[in-house]
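Colleague: Sending over a structure as structure tokens; questions will come in a sec.
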Amino acid sequence: MSKIVKIIGREIIDSRGNPTVEAEVHLEGGFVGMAAAPSGASTGSREALELRDGDKSRFLGKGVTKAVAAVNGPIAQALIGKDAKDQAGIDKIMIDLDGTENKSKFGANAILAVSLANAKAAAAAKGMPLYEHIAELNGTPGKYSMPVPMMNIINGGEHADNNVDIQEFMIQPVGAKTVKEAIRMGSEVFHHLAKVLKAKGMNTAVGDEGGYAPNLGSNAEALAVIAEAVKAAGYELGKDITLAMDCAASEFYKDGKYVLAGEGNKAFTSEEFTHFLEELTKQYPIVSIEDGLDESDWDGFAYQTKVLGDKIQLVGDDLFVTNTKILKEGIEKGIANSILIKFNQIGSLTETLAAIKMAKDAGYTAVISHRSGETEDATIADLAVGTAAGQIKTGSMSRSDRVAKYNQLIRIEEALGEKAPYNGRKEIKGQA
């Protein structure tokens, strides 16, 4: 009943109006799985390759017809007749057939769409929800938790057209008892933030991930307006709600210095920027910082981990790119203490699960994440619950491409009840 009989690839549109790959995997018995690949804006240099056509006359060169052709051609031919329940086997066939280190022949966008669609089809054939199937693939059947959301309510950097250097300013409703309550708390703060910004005469247009993208006097001012909104919503900052940032520091790393336009084009060394961040953590309850330095600045990261690593969560995104080879090296060198997990950085479900396992085995946390270019596909919600990862980053409280994931978490929590606890602050490295 779980034998693959047909695979279909197609070009669809993501949340930025760019094409992406969607795949359908059809099994005997009429079971179907469908999934779409996301796409990033600030990307790590060692990510698996997202295959684009490069034909400037079509979608400004961003078409994905080559990746779709790979799905409908060689990938489909290789997988028809195979058992969808063998996720590792399915992914290995595609990876071996591609034959490149970074999936550049078929594109990680092609391989990932099929990989996720296959998992959904197999779950359907087994008569179980996707999160339950993922827990079995992960070797942790029946072990679930609801993730603490990191809600990106002010967008800067590559995610917005404003003068804020730091890419994401996030809130974490750690004081909630359930994910549904956490989402309500986040929504209330989001709406109060709009009122705060409007009262200051600031723009309330939103960025790629649904957060506001105002022009602010400094990066610290973003934290100040969020603190004001948290208070206005009736919550206590540091107790009910904590703060997190994604610096995406590679985006403002120039000639060995960190150049912040929002701080008057001031240039910082690795050590100076680490202490700039440290000062912010003293002023505000920031409990997680992602990509606090450039992805290649490993000496700087070692210093940053030494200074901040026993106090807060230091998340590697561009640093580790969901790649077990790079993560292993980081663990050995004591770099950071958490990894951001993005399916499309590595390009298959099996490799994603391997990265989560390696992180957890080393005492690192794993934060499941969306990309800035998303679709209505909500697979990351099931991944977060099915691996009991504990944290999820999926944008703000607006834009259907972000809210789709929150709504899926609400549905899953309703189905699982007490089997999937919401552990709040305990999930964040250094906060237990």
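One is the number of the first residue shown, and numbering goes on along the chain from there.
Even glycines carry a Cβ here, placed using N, Cα and C.
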Colleague: Annotation N6-(2-hydroxyisobutyryl)lysine in Swiss-Prot: match it to one of Lys6, Lys254, Lys282, Lys342, please.
Modeller: Lys342
Colleague: For the candidates Lys239, Lys257, Lys306, I need the one that Swiss-Prot annotates as N6-acetyllysine.
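Modeller: My reading of Swiss-Prot gives Lys257.
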Colleague: For the Mg(2+) 1 site that Swiss-Prot assigns to Asp246, Glu290, which of the candidates Asp208, Asp310, Asp317, Asp318 is also assigned?
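Modeller: It is Asp317, as the record lists it for that site.
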Colleague: Given 5-34, 155-184, 365-394, 395-424, which one carries Swiss-Prot's region 'Interaction with RNase E' label?
Modeller: 5-34
Colleague: Suppose a student reads Swiss-Prot and sees Gln167, Lys342, Arg371, Ser372 listed for phosphoenolpyruvate. Which of Ala41, Ala48, Ala67, Ala69 should they find annotated at that same site?
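Modeller: According to Swiss-Prot, the candidate sharing the phosphoenolpyruvate site with Gln167, Lys342, Arg371, Ser372 is Ala41.
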Colleague: Per DSSP, to which secondary structure element type does Arg371 ((2R)-2-phosphoglycerate binding site) belong, with helix, strand and coil as the options?
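Modeller: Once the DSSP labels are grouped into three classes, Arg371 ((2R)-2-phosphoglycerate binding site) ends up as coil.
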Colleague: When you rank Lys257, Lys342, Ser372 by Cα distance to Gln167 ((2R)-2-phosphoglycerate binding site), which of the recorded positions ends up on top as the closest?
Modeller: Ser372
Colleague: What whole-number distance in angstrom separates the two most remote CA atoms of the phosphoenolpyruvate-binding residues Ala41, Gln167, Lys342, Arg371, Ser372?
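Modeller: Largest Cα to Cα distance for the phosphoenolpyruvate-binding set is 17 Å.
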Colleague: Do you know the mean pLDDT across the region 'Interaction with RNase E' (5-34)?
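Modeller: That region's mean pLDDT is 98.
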Colleague: Could you round the CA separation between Ser372 (phosphoenolpyruvate binding site) and Glu209 ((2R)-2-phosphoglycerate binding site) to a whole angstrom and send it over?
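Modeller: Approximately 6 Å lies between the Cα of Ser372 (phosphoenolpyruvate binding site) and that of Glu209 ((2R)-2-phosphoglycerate binding site).
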